[in-house]
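Novice: The structure that follows is given in the form of structure tokens.
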Amino acid sequence: MIERGKFRSLTLVNWNGFFARTFDLDELVTTLSGGNGAGKSTTMAAFVTALIPDLTLLHFRNTTEAGATSGSRDKGLHGKLRAGVCYSTLDVLNSRHQRVVVGVRLQQVAGRDRKVDIKPFVIQGLPTAVQPTELLTQTVGERQARVLSLQELKDRVEEMEGVQFKQFNSITDYHSLMFDLGVIPKRLRSSSDRSKFYRLIEASLYGGISSAITRSLRDYLLPENSGVRKAFQDMEAALRENRMTLEAIRVTQSDRDLFKHLISEATSYVAADYMRHANERRIHLDGALALRNDLLGSRKQLAAEQYRHVEMARELAEQSGAESDLETDYQAASDHLNLVQTAMRQQEKIERYEGDLEELTYRLEEQNEVVAEASEQQAENEARAEAAELEVDELKSQLADYQQALDVQQTRAIQYQQALQALDRARTLCQLPELTAENAEHWLDTFQAREQEATEALLMLEQKLSVADAAHGQFEQAYQLVGKIAGQVSRSEAWQCARELLRDWPSQQHLAERVQPLRMRLSELEQRLRSQQDAERLLQEFCKRHGQQYQPDELDALQQELEERLESLSQGVSDAGERRMEMRQELEQIQQRIRELTTRAPIWLAAQDALSQLGEQSGEALESSQQVTEYMQQLLERERETTVERDEVAAGKRAVEAQIERLSQPGGAEDQRLVTLAERFGGVLLSEIYDDVTIDDAPYFSALYGPSRHAIVVPDLSLVREMLEGLEDCPEDLYLIEGDPQSFDDSVFAVEEQDRAVLVKTAERQWRYSRYPAVPLFGRAARENRLEILHAEREKLAERYATLSFDVQKTQRSHQAFSRFIGNHLAVAFDADPEAEIRGLNTRRGEIERALNNHEAQNQQQRQQYDQAKEGISALNRLTPLVSLLNDETLQDRVEEIREELEEAQDAARHIQQHGVSLTKLEPLLSVLQSDPQQHEQLQQDYTQAQSVQRQAKQQAFALIEVVQRRAHFSYTDSAGMQNANNDLNDKLRQRLEHAEAERTRAREQLRQYQTQFTQYSQVLASLKSSYDAKRDMLKELSQELVDIGVQADANAEARARTRRDELHAGLSTNRARRNQLEKQLTFCEAEMDSLQKKLRKLERDYYQLREQVVTAKAGWCAVMRLVKDNGVERRLHRRELAYMDGDELRSMSDKALGALRLAVSDNEHLRDVLRLSEDPKRPERKIQFYIAVYQHLRERIRQDIIRTDDPVEAIEQMEIELGRLTEELTAREQKLAISSKSVANIIRKTIQREQNRIRMLNQGLQAVSFGQVKSVRLNVNVREAHATLLDVLSEQQEQHQDLFNSNRLTFSEALAKLYQRLNPQIDMGQRTPQTIGEELLDYRNYLELEVEVFRGSDGWLRAESGALSTGEAIGTGMSILVMVVQSWEEESRRLRGKDISPCRLLFLDEAARLDAKSIATLFELCDRLEMQLIIAAPENISPEKGTTYKLVRKVFQNHEHVHVVGLRGFANEPPVLGVTAAETP
């Protein structure tokens, strides 16, 4: 028997009146006796504070404050303490005989709020000899002690060996340890639990029927069916989780395509870009190598072109030089031809002009004579006309002057003055100072005679001059001819010079006749010389091209050698062409094969990927199609075996679940029909009565009752007899036992207990021997133990079933994968590696291309040699006929000799041609040159002088005529006399004027006639002179030009000059053609060089740029490769089949995937940001980071509880397998988890029945309790009507409300709340949610109503109320209720604490004096029967014969207040022992 724990003592340190006091507590009743203010309540307050150190609950008031809403300000604690550190400790000895000291350290906090600081602590393992006061205080003198602080206490305790000190910051931890050690009856998990415990202690302390407890009896007495409630909550949570899991699975299944899509598109997006960069890197590397090869080749080609350019430039310079010489020669020949043609034309013009000059000379002589005569006549007529004109003018002037002076004197004076002026002018001209108006007429006759004489003398001299001019003209002509031929010669040497010229004339004519033969001979020799020079030039060019000097005699042998070489080179070129054609054909075949393999490679790579995946899945090395088919057969066999094993495991799992379901029935009823029959018979299942049996006693009772362990206990078998008739729905064996279900025991059998077996004597002649079952199932503890085992077994079977299901589906998927592989890839999977063949073919192609390039270079060299040999033979064909000409060494001398003779002949011919006519004319005039007619100049001077005299005579005669005409004017001395004179003069003047005008008219007419005739003669003469002068000048110019031309104009000169020019033109054309060809070749070469240089610069720029790109890309590629390899995604990204797609296709693939990814990750901010960053084309590593982020995101989304891999791709494959299995399993689980409404009603009813039975058992313990007129106390338990209706509907009419319980949108609790509202529409549910109401309806306590009833006097059973009872009766009734609550708590908490722990029972009662002696005795009896401790307080001793009594007296000594305590132990059955303690020294 387990002993109940007991409180041994209470210690107060530094409380008001108690410095260090320990109260030993009695095992039953401890009484505190004393007057008012003695310290009884303080002692009890210290006990309660140590028991419940919660300042939010503690409120110590006296009985006068009962029912008050507020007490003292400090709630009764602050005033009970003294300044400094205070302690309140309880010394407990629990069922394990462990000494435990629990207590609190209290200290007042300064301030108006009068707060108290509390620190709970526990001391374990304290030796029995150590008293609490010794532990908490330190002696400092004989009668003085000091209270230790908490830290000092801790240090002191830790110094003790084996003693533990624990300080708590949480009241929950403090109470949890107290519950585990058996100090308090219930685990106080929360503040509400502490509040209940405190309210119980408070009700016990102040006594009476506590309304706070009676109103909440359900919470105090009825244990919370946390198991059932938790089962419902777990069921709902499991259903909710199951539905959420199913929904998540459905969402996951719907998201599976999204995951696949995300993986596929991310792989396409990143792998396409990854392979595009890999391809571009390979292309860039190949491009860089190709550019480098092109660069080197271009440099070599540029060097060759530069060498060729230098050679062609040198040859062009030579050709240009030769062309310049040829152009000079050609231009000279052309100029010579032009000069010859010009000379011929000049010669013709000279001859024509010489004839014209002879004719013009004759005509000019005749016309000179005619003009001379006409000139004389013209002079005479002019003089006559001039004189007539002067006379008319003078007369008119005189007449005008006279007319003007007719009326004025001035006019006469003017005329007179004019007459004087005319007289002076005449005197001046005639040099006659004595001339007067009277003798003017005389002198006029004289001077007119002089004029006549002068005119006659002039005519005579003119005739003489013309005769002298004829002789003088012949001499001059001859002199001019000599000067023209021989140059400047004196007139005296002219005859001698002319004779010498005429003497040399015949020899020069002979030389001139040899010009044409010499010219023809020279032309032939020059032509031959030019041919020799051309041949020498051709030979030099030939030697220069061949780099060797050859003699003309060696040309024949050289030609034969070149012809043989040309034949061999021609054969080599032909063979090279055939070889080149063969290599090109082979190259085309290789390229065609590479294209075919390139087309096949992606298909083969896809097949290899599929094959590698199959190899990874199977773990086999699949090397042939036969192995694939054999392994596929193995998969079929494995699938069959795994399916069989899975079905076996499923059957075992169903069997275990059936056992679990049977054992999970409430009350232990394995057959649900027994529950129905028990309700029908009004009995209780035997298993339900023994439901609380321990697991240790379960085998005994199971063997004791044997097959009847499933019997129904009924109050009266006779009442059941009639119900058994016609009973069909029942087990095969139905056991019925008569007995009271409330007080049933095992006395119905005679039993002998043996070693792990029992012998049951069911009758005198019938025994039953039953062994203890190996797996007992009798009692809730045994069933729960078995359920734990079955649950563990079910979990193992479920795990095994899940593994087998997964293996089956994995095998099926592997079989499907093999089937797809056989259908799609088997035909090509085991073919040879096309990439290896491509690499070999690429190597061979490179070799062929290099050989072809070398062959092209050799062929080009051979062709050049062939062309050189061909050109050499062509040059030799031109040089061979000229060998004799090249050997002629005297040709140049002969040409020079003939050229000198030709020059002499040409000089003679030019002299004859230039002066032949002059010599012909000079020959007859040679004799004229012997005498020089110098007197011709004297005659010319006389003629000029005669002309001057004749003109002067004419002027003098005219001046005298004017004076004679103005003689009348000299007489104007008198104006009167002058008037008459004027009239006469006017008439005369008019007559004279008329006569003069007539004379003038005749003179003018005659002058006009002679002028016209003279003009005509003069014009003819001028024309002849002009023509003569022009032709003479032209002849001089022509002769000078002919001399300047310096070419002998003959009949053959033009033909020779033209022939020479044509030859030079042909040579120049040939040279120009060659030069143009060289220029074109040079231009083409320069263009080729420029192109090569541009190409070279571009190649260098492109090469260095590409090389820089390659170097730059290498760093980025290294970063990409590090990311790829570090994260293990290279196998996913390096898809070799993508290497056969071009950049545009890969970019298009990546762009399409990017568009799909933007939609796929639009709801994921992280992936959306990473995707946006990955779009930077300059940062390819960000795409890898995005791919890694996608993988990481998917890894995080992998359900590790159902997926066994970290690879999202494999996870998706496993997900497809596992989700299907989980869907089936969870659907089945939901059907199993879904509890029926009838089962819920049965569970609640069974729980209500069990609690009713438990309350009846508690009532049995209170039947003998009596206080005053109260003879008995009991608890009445009733089911609420509305809740009873709900249970009836749940058990019998659930089909009518399946719309609530079959709804997936409602939990069971919500459906239950909806049904309660439907059944009770009149009840207001307030603001509570259906879930809250449903959870309350799942708590059986809400179905019950508890009332305390007392049997009092003649009134019978009455409801226990304070107003209907006396104070003592109320105190006793309240104490009974509290004892019942404590018992209920202990039973409720029995399974929560150790099996060897029985908790302490202690209650309080203040003001116990209100109870009579009988009631006090009842309390003592109750404490004895229930092993309960009780602390009571009263002003006077109460029943000192039992328990322990302390007498408390408060005293004041030297201003120090203390309590004097005297202890007395009960003396009912033993001698009284009186213990008195001395007063404390504060």
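Think of each number as a place in line: the chain as shown, counted from 1.
Each Cβ is built from the backbone N, Cα and C atoms, and glycine gets one as well.
On a predicted model such as this, the values are computed, not experimentally measured, just so you know.
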Novice: If Swiss-Prot is the reference, give me the range from 78-103, 156-181, 780-805, 806-831 marked as coiled coil.
Specialist: 780-805
Novice: Swiss-Prot lists coiled coil for one of the ranges 202-257, 1154-1209, 1210-1265; which is that range?
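Specialist: My reading of Swiss-Prot: the coiled coil range is 1210-1265.
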Novice: Starting from the Cβ of Gly37 (ATP binding site), draw a 10 Å sphere and report how many other Cβ atoms land inside it.
Specialist: 13
Novice: Between Gly34, Gly35, Gly39, which of the binding-site residues has its C-beta surrounded by the fewest other C-beta atoms within 10 Å?
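Specialist: So among Gly34, Gly35, Gly39, the binding-site residues given, the one with the fewest Cβ atoms within 10 Å is Gly35.
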Novice: Which listed range (337-468, 780-805, 835-1044, 1070-1115) shows the maximal number of Cβ pairs under 8 Å with respect to the coiled coil (509-604)?
Specialist: 835-1044
Novice: Tally the residues of the region 'Flexible hinge' (666-783) by DSSP class, grouping H, G and I as helix, E and B as strand, and everything else as coil.
Specialist: 41 helix, 26 strand, 51 coil
Novice: Would you confirm whether the coiled coil (337-468) and the coiled coil (1070-1115) meet the contact rule of 3 or more C-beta pairs below 8 angstroms, pairs 6 or more apart in sequence?
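Specialist: Answer no: the coiled coil (337-468) and the coiled coil (1070-1115) share fewer than 3 Cβ pairs below 8 Å.
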Novice: Under an 8 Å Cβ to Cβ limit, what residues of the same chain, 6 or more beyond the ends of the coiled coil (780-805), are close to it?
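Specialist: Contacts with the coiled coil (780-805): 642, 645-646, 649-650, 652-653, 656-657, 659-660, 663-664, 668, 691-695, 698, 702, 1221, 1225.
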Novice: Using a 10 Å cut-off, grab the number of neighbouring Cβ atoms around the Cβ of Asn36 (ATP binding site), all chains included.
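Specialist: Within a 10 Å radius of the Cβ of Asn36 (ATP binding site) lie 9 other Cβ atoms.
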Novice: What three-state secondary structure does DSSP assign to Gly34 (ATP binding site)?
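Specialist: Its secondary structure by DSSP: strand.
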Novice: How would DSSP class Ser41 (ATP binding site) in three states?
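Specialist: Helix, per DSSP.
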Novice: Across all chains shown, how many C-beta atoms besides its own are within 10 angstroms of the C-beta of Ser41 (ATP binding site)?
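Specialist: Summing over all protein chains shown, Ser41 (ATP binding site) has 21 other Cβ atoms within 10 Å.
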Novice: Excluding Gly34, Gly35, Asn36, Gly37, Ala38, Gly39, Lys40, Ser41, please set out which residues of the same chain place their CB within 8 Å of the center of the CB atoms of the ATP site, keeping sequence order.
Specialist: Thr42, Ala1433, Pro1435, Leu1448, Arg1450
Novice: As a test of the contact definition, list every same-chain residue at least 6 positions from Lys40 (ATP binding site) whose Cβ is closer than 8 Å to its Cβ.
Specialist: Leu32, Ser33, Gly34, Asp1406, Ala1433, Leu1448
Novice: So what sits near Ala38 (ATP binding site) in its own chain, CB-to-CB under 8 Å and at least six residues off in sequence?
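Specialist: Listed in sequence order, they are Leu1448, Val1449, Arg1450, Val1459.
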